[in-house]
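Visitor: Here you go, one structure.
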Amino acid sequence: METNIQTVEPVIIAGLNTGQEDFDYSMVELAELAQANHMEVIDRIDQVIDRPNPATYFGKGKVEEIRDVADANHIPTIITNDELSPSQLRNLEEGTGCRILDRTALILEIFATRAQSKEAKLQVQIAELQYRLPRLQTSASERLDQQTGGGSGFTNRGAGETKLEMDRRTIQHQISHLRQELADIDKSEQTKRKQRAKSAIPTAALVGYTNAGKSTIMNGLVRRYGAAEEKTVFEKNMLFATLDTSVRQLTLPDQKRFLLSDTVGFVSKLPTHLVESFKSTLAEAANADLLIQVIDYSDPHYKEMMETTNETLKQIGITDIPMINVFNKADKTEIEFPILEGDDQVVISAKQDASLDLLVDVIKKHLFKDYVTTTLLIPFTDGHIVSYLNEHTNILETKYESNGTLLTVEMSVQDYQRLGKYEKN
Ligand SMILES: Nc1nc2c(ncn2[C@@H]2O[C@H](COP(=O)(O)OP(=O)(O)OP(=O)(O)O)[C@@H](O)[C@H]2O)c(=O)[nH]1
Ligand SMILES: [Mg+2]
C-alpha cells in the first residue's frame, strides 16, 4: 500500500571502488534503490582501494570519516554498495554507530514492502530469513557478559551459544515451514500452467531490467488485444513496481491467440537467495515459447542492463528459449522508431500504437511460425466446424459451393491435425 504521507529516512550511501568498470553506475543505481525504499540520499562516500578490509569492509580511516559525516548530519543509516559478511556488518555498525544496510538487505526491504500476493510474500520472507541466518548474533548485553566474564564467563558463554543455537533452529524451522507453504501454492500454479499448456496457446514472457517498460508494453497490448475481462497491470516509474507474475490472453485481429506474461524485473547484484526464491514466479518465463527482453534504450547503461538480464536468466536456468530484444523508450532518444532490425530486434516506444503493432508482427513471426495455410471444404451439415474456424483461425477466403463451404484458412498445427480430414485436394 502506498500512502501519501511517507516519512523519508535520510541515509548515506557508501561504496568501495576496487577498479570495477561499472562502479559509478552501480552507485547511481544504489541511490535509486534507496529512493525506491523511501530514503533520501544525503551524501555519497567512496573509497578507492584494492580490496575490501576483511574486518570492516572500508579502511579504518574511512570508517571514521563515515561516522563523522553521519554524526554531523544526524544520519542514522548507512547503505553499502555490496553485500557484507556478517562480521563486517557487525564491526561497521560498531565503528560508525549507525545502522548498516547492505545492498542485499536494501533490496530485500524493497521487495518486502512491495510484495502483494501470498506467493511473493512467502518468497521474500524466505529470502529474508536466509539472509538473517548467518547474521544472527548474541545480543550486545550477552556479548558484554562474555567479555567481562563476571566470575563465571564460561557458563555465560555457554548460555549465549545456546540462545543463538535456539534462534538458528527457530529460523531454520520457519524457513522450511514457509517453503512448504510455497510448494503448496506452486502446485496449484503448476496445474494452471499445465492447463494452459494443454490448451496449446503459445506463450510469450516479458523479461528484463526493472523499470524497462515491461508492464507498460503488457498494458498497451492488453488494451488493444485483450478481451474486456483482461485487466491491465500496475506500471510505475520506480524500481520493482512488479513483483508478481500476471498472465493475459491476447487475440489478434487474425484470430491468432497467445498468452503474455509480465513478471519481476532484474537489477545488478540481485541477491542470490532472492533469485532462488523467485524461481517459481519466474517459472512462467521458463515455460514460455518466446522471451521478449525489454530494454530501456534511453538509459546510457542499457548494455550493462542487458548483460545483467542475460546473466540472471542463465542463473535461474533459462537458457534455450528463443528471445527477441525490444529496445524501448526510443521516444526519449534521438533514434528513429519504430524500426525492425533483423528478425528479432525492434526499436520502439511502448506508448505508441505503431510501435506495438510492429512488436506484435515480430512476436507473431516467432510464435506462429509453423502455422499452416490450407483450403478446407466443410459440408453444410458440419456448420459447427465453420463456427469453430471463424473463432479460432484466420480465414483468408470463403466460397460457397454446392457441397459445402470452401475456406482458405491459416491455422495451428494442432487444428490442422484435427481438421485435416476436411482438406480439399
Ligand atoms: N517515455 C517513455 N516512458 C516509458 C516507456 N515505456 C515505459 N515507460 C515508463 O517507464 C516507467 C516504468 O515502466 P514499467 O512498465 O512499470 O516498467 P517495468 O519494466 O514493468 O518495471 P518493473 O515492474 O519495476 O520491473 C513508467 O513510468 C512508464 O510510464 C516508453 O516507451 N517511453
Ligand atoms: Mg512491471
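Note that Cβ sites are derived from N, Cα and C of the backbone, with glycine treated the same way.
So TrEMBL has the following annotated:
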REGION    141-160  region 'Disordered'
DOMAIN    202-371  domain 'Hflx-type G'
BINDING   208-215, 240-244, 262-265, 328-331, 349-351  GTP binding site
BINDING   SER215, THR242  Mg(2+) binding site
Visitor: Going by Cα-Cα distance, pick out whichever of the binding-site residues GLY208, ASN211, VAL264, LYS329 is nearest to THR242 (Mg(2+) binding site).
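Guide: Ranked by Cα distance from THR242 (Mg(2+) binding site), first place goes to VAL264.
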Visitor: Taking DSSP three-state, what's SER215 (Mg(2+) binding site) in: helix, strand or coil?
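Guide: In the DSSP reduction, SER215 (Mg(2+) binding site) maps to helix.
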Visitor: Please report how many Å separate the Cα atom of LYS329 (GTP binding site) from that of SER215 (Mg(2+) binding site), as a whole number.
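Guide: Between the alpha carbons of LYS329 (GTP binding site) and SER215 (Mg(2+) binding site) there are 13 Å.
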Visitor: So what sits near SER349 (GTP binding site) in its own chain, CB-to-CB under 8 Å and at least six residues off in sequence?
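Guide: Non-local contacts for SER349 (GTP binding site): ASN328, LYS329, ALA330, ASP331, PHE337, PRO338, SER355.
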Visitor: Going by DSSP, give the three-state secondary structure for GLY208 (GTP binding site).
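Guide: It is in a strand.
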Visitor: So which binding-site residues out of SER215, ALA241, THR242, ASP244, VAL264 are up against ligand 2, CB under 6 A?
Guide: SER215, ALA241, THR242
Visitor: The domain 'Hflx-type G' (202-371): mean pLDDT?
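Guide: On average, pLDDT over the domain 'Hflx-type G' (202-371) sits at 92.
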Visitor: According to DSSP, which of helix, strand or coil covers SER349 (GTP binding site)?
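Guide: Reduced to three states, the DSSP call for SER349 (GTP binding site) is coil.
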